[in-house]
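As structure tokens, the structure follows; a few thoughts come after it.
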Amino acid sequence: MRERIHFTFTYGMNYSRTAFWYQMFQNVVIWVSVINFLISSLPEYWDRDVLALEIIEKVSIGIFTIDYLVRFATVKPGERCSWVRRPLHLFDLAVIVPFYVEVVLKHGFSFNPADASILVIIRALRLFQMFRSVKAARYSSLISVFTKALWLSKDGFVLFSFTITILMVVVSAVMFYAEQTIMIFDKTNRIWRYPNGDVAWFQSIPDTFWWFMVTITTVGYGDVYPKSDMGKCVASLTMVGGLFVLAVPVAVFGSNFTSVWDERQDHLTKRARRRR
């Protein structure tokens, strides 16, 4: 009986019709809760206790809490510690616990709304509410395909991270010194300026890292850009080079995702044949 309850609450449509409908119910609760969280960030509702939003929040957390406790209680006693440490179950806790901590902070102590330190803690705790969207991943087999492809691509991502770090330091240094050809150092304020007196965008090599990341990924926000001819040449080469640098992790992940997807399709096909 305990095992049947655990499987119903955990495996969704892959276990039984009852589990399927429970999965659908959980998904509805999750997304209603997410939408409620998004609405609460609107200016007209910010720092206000709106009754409807509070009710949805408390009911959602109540359902999430019951779901977590039932799944925990129906796990085999010797496996509970390892069960709690699983990533998706930690996300479940990250959704539930902050709500109760906020309740304790507000009602368990002499809460002063003007106390900035308490407000900062409460707002930081509310950030964890974004994890409730991750709860939906527990019921999706497609998420496992994505995560498996990511894991298989880890070597490609390590290579990309190593390459991009080296390029960031080298190219940022080249750009910084290229822009110095038109910049003037203000010794009084210890900053670089352009000839017209404006503060220069490239104050140091680390300060240039932001420009590099925006350029190498070909995003190009346009908030920081070179003004010297030499700097424009460096930027042009960086943009073209970015296409080749990004191609490596994209190709590796794409190949692994295709392999995992084909493996999943073969598994579904074989299972469908067995049912016939």
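Keep in mind that glycine also has a Cβ here, set from the backbone N, Cα and C atoms.
Some features that TrEMBL has for this protein:
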- 20-39: transmembrane segment (TRANSMEM)
- 21-260: domain 'Ion transport' (DOMAIN)
- 158-178: transmembrane segment (TRANSMEM)
- 199-222: transmembrane segment (TRANSMEM)
- 234-254: transmembrane segment (TRANSMEM)
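Residues 202, 204-209, 211-213, 216, 226, 228, 230-231, 233-235, 238, 241, 245, 248-249 of the same chain, all 6+ positions outside the transmembrane segment (158-178), place their C-beta atoms under 8 angstroms from a C-beta of that stretch.
Mean per-residue pLDDT, taken over the domain 'Ion transport' (21-260), amounts to 84.
Sequence-distant neighbours of the transmembrane segment (199-222) (same chain, 6+ residues past either end, Cβ-Cβ under 8 Å): 164, 167-169, 171-173, 175-176, 179, 183, 191-193, 235, 238-239, 241-243, 245-246. Residues 149-150, 153, 155-157, 159-160, 163-164, 167, 171, 174-175, 178, 212, 215-218, 220, 225-226 of the same chain lie 6 or more positions beyond the ends of the transmembrane segment (234-254) yet place their CB under 8 Å from a CB of it.
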